[in-house]
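Note sheet for the following structure.
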Amino acid sequence: MMLIPVTQHQPQGLFCQSEFLRQGENEEVSVLDSRFLRYLCRGNNTIGPLNVKSRFYTPTFDLFPPQRLPFSPQSSTKPVQFVFIQSQSVQSSSSSLGIPAYCCSRIMSSTVDSDTKVLHQVHDNPHDGPDRDTESSVNDAIDVNFQHGVQNIEAVTLSWSRTALMVAFVLIWLVYFVQGLVSGISSALIPYVTSAFAMHSLTPTTSVMSSVIGGVTNLSIAKTLDIFGRPQGFLFCATLATLGLIMSAACNNVEAYAASQVFYTVGINGVGYSLSVFIADTTSLRHRGLIQSLCGSPSIITAWLGGPISTAFLNGAGWRWAFGMESILVPGVTIPLFGLFMHHYLRAKKQGIIPKREPQGFSYYIREFDVVGLLSLSAGVALFLLPFNLYALQAKGFGSTMIICFFVFGILLLIFFGIWERFFAKVSFIPWRFLQDRTVAGACLLSFTLFFSYMCWGMYFSSILQVVNNLTVTRASYVVSTYTVGGFIFAIFVGMVMSYTGNYKAVTLYVALPLSILGSGLMIYFRQPDQSIGYIAMSQIFIAFGSGAIMITAEIAILAAVQEQQYFAVSIALVSMCASIGSAVGLTVSSAIWQDILPKKLAEYLPEEDLPNLPMIAMDIVTQLSYPVGSPTRLAIQHAYGDAHKYLFIAGTAVWALGILGVVMWRNINIINIKQTKGRVV
């Protein structure tokens, strides 16, 4: 086929020579699919992306009647028709004209009435090769209204093969494996690093800054992924994580280690977040939950490896070499994935799938980033979270002037963010209609509830296993790992159910929530020292199954609500931010309960001769474990632990009322037939 424009006036522009018109007079003609028009002439006899400098067409049209296309007044007032002349194969003509092959794959056969010039359409798809059989048709064009990073990932999925897609998922699995391994090892090494400098007092500050900053930076990373590109943002996060690990290996004081933790936390969290966005970009909504759970399955393995590996380093080369090994592993698995996406991005660019873009100035990025909205939201969330982490360090607690100021300014900034996004933002960070969507609000509320509930008791769970149930550190870590392992195993099952039924609300409301509530409720009873550890493990399995399902369904719910691919990154970041808020509030509640109940119960149960040691017993697990099992003092400590944990699990169970409300708010969207992504996806 050959591409020519049919005009009723003096021909000009792309392939308008009269010999082409005469050549096609007696041949069958076909009209171009309207989406192909995005790739037409720029007015200088070349094939290229349509933009504002086109001589013939405006850049905003999408679907138009085939016989009448919008015609720029700069050239003529008469319409132009583009047709294919059936003189050679689609494949050869696309090569000779420099047209991307996939653009020619979808045409509509037609005949032309010589009097009226009306095209009669008959659908045809003659080029449905073996490489183009996805749920989302590879014949789609990228959406030029999306931000550049989203356009780029659309172009990648339009240009790559099935093999490249499978390689991408293998590399994503490997990155998740290393991320889980590095996180487990680094967490186990923290007390030994601070002990090496004999400055434990700064350890809380290290955790506070890294957790707060890590909770809000995904918002900035989301805009980086949308504007500059997915692989670019991913590489930036991997670089931060690697830099943080190198700083940890080389630090000479606890202050330097605290700074390294900020870089590491932002980077490693950003890597995991970027992988979630990658998976959303390369899967259909129907299979997204299953693929996400499969790609996250390395945690089933790494949950058992962090402790032994960190112990081996501590007994051998030392903790610095552990960080050094991690600083090699992270770039070792992230660079290949970055290279794969960049290779196909450059390939798509060479094929002409990605529109040519004019260089943009600083003001463009200020507008696209919605800097005012981003800064107000990030600062507001950070100031709101800081009091929950710092109040214990203040003499007056939440009554401290600094804590009150943090709360007030944080809330004011969040209110300002809402006003800005509603009335003033030229490019909204989060579209206002999404903030009003009940499914979006429900998904955020459920994510908040999940992490609030876990943090109510999770930070002290290992302690209760060692003190009350007399488990060793290693065996306690195995029971704690039940939460991670069981969660990911059940998430795979839930992903399969959603792929088959297309329903995520029912599995959350009737399976995940009851399991979570049942598990937390059972722990209220089985926390006592006279209960078998088997019942505790059973309760943890219930909690793990429910939490694993919710981790998947909450994300699917918000992605089903926003629908458009350009909001994937921001939506996932929004859920992540709500999870961070839930974690901070839950940790604050658990700390308040623990610090109030445990000393009171110890004073009630401890033998009189041990009362002078009450402050040390309440604050030091080593002292608690030093008393022999079965001794009056150890029994008193166990009963005090049991009473304190009762209130922790009551709080963690009661908060699920908010989770139920969040799920009830969801619209019951069937995800089977929703198309969000383009090109070759799963």
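Note: Cβ is positioned from N, Cα and C throughout, glycine not excepted.
Owing to the predicted nature of the structure, the values given are computational and were not obtained by experimental measurement.
For 164-190 (among others), the entry in TrEMBL reads transmembrane segment.
What TrEMBL lists as domain 'Major facilitator superfamily (MFS) profile' is 168-671. The average per-residue pLDDT of the prediction over the domain 'Major facilitator superfamily (MFS) profile' (168-671) is 87, rounded to a whole number.
Same-chain neighbours of the transmembrane segment (233-250): 149, 182, 186, 193, 221, 224-225, 256-257, 259-271, 273-275, 278, 320-321, 323-324, 326-327, 330-331, 334-335, 337-338, 341, counting only residues six or more beyond its ends whose CB sits under 8 Å from a CB of the stretch. The transmembrane segment annotation in TrEMBL covers 233-250 (among others).
Here the transmembrane segment (262-280) has long-range neighbours at 168, 172, 175-176, 179, 182-183, 186, 209-211, 213-214, 217-218, 221-222, 225, 230, 233-234, 236-245, 247-248, 288, 291-292, 295, 330, 334, 341, 555, 559, 565, 568-569, 572-573, 576, 677, meaning same-chain residues at least 6 beyond its ends whose C-beta is under 8 angstroms from one of its own. The feature transmembrane segment is assigned by TrEMBL to 262-280 (among others).
Per TrEMBL, transmembrane segment is recorded for 301-322 (among others).
Sequence annotations record features per position, and here TrEMBL assigns transmembrane segment to 328-348 (among others). If you look at the transmembrane segment (328-348), the same-chain residues 6 or more away from its ends with a CB under 8 A from one of its CBs are 152-153, 155-156, 158-160, 164, 167-168, 171-172, 174-175, 177-178, 181-182, 229-231, 234-235, 238, 241-242, 245, 268, 271, 278, 354.
According to TrEMBL, the transmembrane segment annotation covers 369-392 (among others).
Residues or ranges marked as transmembrane segment by TrEMBL: 398-420 (among others).
As annotated by TrEMBL, transmembrane segment applies to 440-460 (among others). Sequence-distant contacts of the transmembrane segment (440-460) (same chain, six or more residues past either end, CB-CB distance under 8 Å): 434, 483, 508, 516, 520, 523, 547, 550-551, 554-555, 557-558, 561-562, 571, 574-576, 578-583, 585-587, 589-590, 594, 644-645, 648-649, 651-653, 655-656, 658-659, 661-666.
According to TrEMBL, the feature transmembrane segment maps to 480-500 (among others). Residues of the same chain lying 6 or more positions beyond the ends of the transmembrane segment (480-500) and with a Cβ under 8 Å from any Cβ of it are 286-287, 289-294, 296-297, 299-300, 303-304, 454, 458, 461-462, 465, 507, 511-512, 537, 540-541, 543-545, 547-549, 551-553, 556, 671.
Annotated transmembrane segment per TrEMBL: 507-526 (among others), in sequence order.
If you look up TrEMBL, you'll see 532-560 (among others) marked as transmembrane segment. Same-chain neighbours of the transmembrane segment (532-560): 276, 280, 285, 288-289, 292-293, 439-440, 442-444, 446-447, 450, 454, 465, 469, 471, 479, 482-491, 494-495, 498, 504-505, 507-508, 511-520, 522-523, 526, 568, 571-572, 574-575, 659, 666, 669, 671, 674, 676, counting only residues six or more beyond its ends whose CB sits under 8 Å from a CB of the stretch.
Summarising the annotation, TrEMBL assigns transmembrane segment to 567-594 (among others). Within the chain, the transmembrane segment (567-594) has long-range Cβ neighbours (under 8 A, six or more residues past its boundaries) at 150, 211-212, 214-216, 218-219, 221-223, 225-226, 273, 276-277, 280-281, 381, 384-385, 388-389, 391-392, 429-431, 434, 440, 443-445, 447-457, 459-460, 554-555, 558-559, 561, 644, 647-648, 651-652, 655, 676.
The transmembrane segment (164-190) shares the most Cβ pairs under 8 Å with 301-322, out of the stretches 301-322, 369-392, 398-420, 507-526.
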